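Annotated in Swiss-Prot:
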TRANSMEM  33-53  transmembrane segment
TRANSMEM  56-76  transmembrane segment
TRANSMEM  102-122  transmembrane segment
TRANSMEM  152-172  transmembrane segment
TRANSMEM  185-205  transmembrane segment
TRANSMEM  213-233  transmembrane segment
TRANSMEM  254-274  transmembrane segment
TRANSMEM  301-321  transmembrane segment
TRANSMEM  355-375  transmembrane segment
TRANSMEM  376-396  transmembrane segment
TRANSMEM  409-429  transmembrane segment
TRANSMEM  432-452  transmembrane segment
Amino acid sequence: MSSLFRKKPLETLSAQSKSKSLARTLSAFDLTLLGIGCVIGTGIFVITGTVAATGAGPALIISFILAGLACALAAFCYAEFSSSIPISGSVYSYSYVTLGELLAFLIGWDLMLEYVIALSAVATGWSSYFQSLLAGFNLHIPAALTGAPGSMAGAVFNLPAAVIILLITAIVSRGVKESTRFNNVIVLMKIAIILLFIIVGIGYVKPDNWSPFMPFGMKGVILSAATVFFAYLGFDAVSNASEEVKNPQKNMPVGIISALAVCTVLYIAVSLVLTGMMPYAKLNVGDPVSFALKFVGQDAVAGIISVGAIIGITTVMLALLYAQVRLTFAMSRDGLLPGLFAKVHPSFKTPFRNTWLTGIVAAGIAGFINLGTLAHLVNMGTLAAFTVISIAVIVLRKKHPEIKASFRVPFVPVVPIISAGICLWFMYSLPGVTWLSFVIWIAVGTLVYFLYSRKHSLLNK
């Protein structure tokens, strides 16, 4: 039984972090944009209006502040680990050195499902926006190629979703420098489009629309904070980049915390302007930002925002694929997954085969499977990871006080305990079918560990 809780030696992690198999090219600026790219998708254009109309009213800005603070607690934990143990694998690698092999494998197994389902689900959303854009030009894809079987009448394969994943795969496989350049350009365009809405919309703000400010009471604000919490998920993907970052001890914490801070400011600003442009009760529509712009006669800007939604989703897919590949790379290097996933291309300095295998699987899922309620597993997986890393910080401080970190979580163990408690509360609020799917996936992972990973682990040698 003791082998189930064997821990990876810090010396091994230190040696791996100094390995030159992956190229160190990322700066704090690159990391910040990677995090923003993964967090801000279509949610900022959709969830702001919907939650304002049904849960919080103009006080939605307070909901976003509360949710941002809750996410910050977990972000602090990621920042401390990434500055003290700058290695690929994120919470998998961090829990391996603090909580033991079995739990590390299971949280890695959990994140594998989270990333691939999120990637496929986001690609499906991209497909819908892309088809709507084509329809505006009176162009239409054959019905059989517009969705997965069961998603709509006559659909057999979601071609746009599969194609966009394969295009993103081609970019990511060519090298971190190339994919970073692409991500930076697209994220800056996305931020520019959001700022365009804020600048144009602020001219139409009527303070009377902010009254009553809290129509659903404080209870509505808190419940809405639980809803918008999920709009922040994705910043953890940054921690998978540690081995490709210049001066990771300094730049990793800056990238993680800066990404979360920028996203929080943008969410608050959009919420403030949106609820000021028109009565909050009218915002319960599928595209509230575009709807509000049309409401004030800014149809052209509304069209630009629709294009911005497509751009926004693209960077989310890139960040998710990047995180998935770096996670399986780390697990394979430790012997817990087959060696194929850890092979690095001699020219591109990327896990080339791993990237394409992941991309093809995700494209197949997006093309053929109607994800439905499985999309909730993304939230479950992320919250489980947040809980584990919060606990792991406490263990790290107690078991390895000698580790020097450029960023340290304040008020340990109080902050990590609060972080874990909030995440467990959010997990409890998820549907029963999500819990059932999660338990089944973890059970499958346990079998894989005992049948393969335990025997092939490098710690056996």
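Note: Cβ is positioned from N, Cα and C throughout, glycine not excepted.
Sequence-distant contacts of the transmembrane segment (355-375), counting only residues of its own chain at least 6 positions beyond either end whose CB sits under 8 Å from a CB of the stretch, comprise 116-121, 123-124, 127, 147-151, 157-159, 161-163, 165-166, 168-169, 172-173, 321, 324-325, 328, 340-341, 431, 433-434, 437. Against the transmembrane segment (33-53), the recorded stretches 213-233, 254-274, 432-452 differ in Cβ pairs under 8 Å, and the greatest number is found for 254-274. If you look at the transmembrane segment (301-321), the same-chain residues 6 or more away from its ends with a CB under 8 A from one of its CBs are 34-38, 40-42, 44-45, 115, 118-119, 122-123, 125-126, 129-130, 132-133, 164-165, 168-169, 171-172, 179, 182-183, 186-187, 189-190, 193-194, 196-197, 200, 234, 237, 287, 289-291, 293-294, 355, 358-359, 362.
Between the transmembrane segment (409-429) and the stretches 56-76, 102-122, 254-274, the greatest number of Cβ pairs separated by less than 8 Å involves 56-76. Sequence-distant neighbours of the transmembrane segment (102-122) (same chain, 6+ residues past either end, Cβ-Cβ under 8 Å): 4-5, 8, 41, 89-93, 95-96, 161, 165, 237, 313, 316-317, 320-321, 323-324, 327-328, 330-331, 336, 358, 361-362, 365-366, 369, 371, 374-375, 377-378, 380-382, 384-385, 388, 438, 441-442, 445-446, 448-449, 453.
Annotation: stretch 56-76 has the most Cβ pairs under 8 Å to the transmembrane segment (213-233), among 56-76, 254-274, 432-452. With a threshold of 8 Å between CB atoms, the same-chain residues lying at least 6 positions outside the transmembrane segment (254-274) that come near it are 28, 30-36, 39-40, 44, 48-49, 52, 58, 60-61, 64-65, 68, 71-72, 75-76, 78-79, 82, 191, 194, 197-198, 201-202, 205, 228, 231-232, 235, 238-239, 241, 245, 283, 288-289, 292.
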